[in-house]
Amino acid sequence: MNKEQRLKELTDMQYYVTQENGTEPPFRNEFDEHFEEGIYVDIVSGKPLFSSLDKYNSGCGWPAFTKPIQKEEVTEHFDTSHGMRRVEVRSKEADSHLGHVFPDGPSELGGLRYCINSASLRFVAKEDLEKEGYGQFLSLFK
């Protein structure tokens, strides 16, 4: 399925967040309080982005991660929208808006907080990794 077809399958919120650089409501989203073992992939491209092993409760109202699974799968861009100075995070392949990265994460884990919109992600549970084509990430959970 090509990107155009995948975009047609997104919900209104998923499209707003990933394609229009939107932000979903804090604390009222799918993955803020979700801590099952597995990985989070780009809702548009399916590329692996984050692991539950790097997720933590930052209290910000959105899923927070200390790092991406593979740094090369995300891009960072200086963002001055809404009168703020911050760093936007996008998926490399689909160019989906994911959220922002801030330098206030746990210092013992690198000091970064990837604050990511749930609407930009799809969760793949550890037990489904092999069947969904992400078997190479099973080793993360051993």
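Counting starts with 1 at the first residue shown.
Glycine residues also receive a Cβ, built from the backbone N, Cα and C atoms like all the rest.
Annotated features, as they stand in Swiss-Prot:
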DOMAIN    3-126  domain 'MsrB'
ACT_SITE  Cys115  active site, nucleophile
Using DSSP three-state counts, the residues of the domain 'MsrB' (3-126) come to 31 helix, 40 strand, 53 coil
Could you tell me the mean pLDDT the prediction assigns to the domain 'MsrB' (3-126)? 95
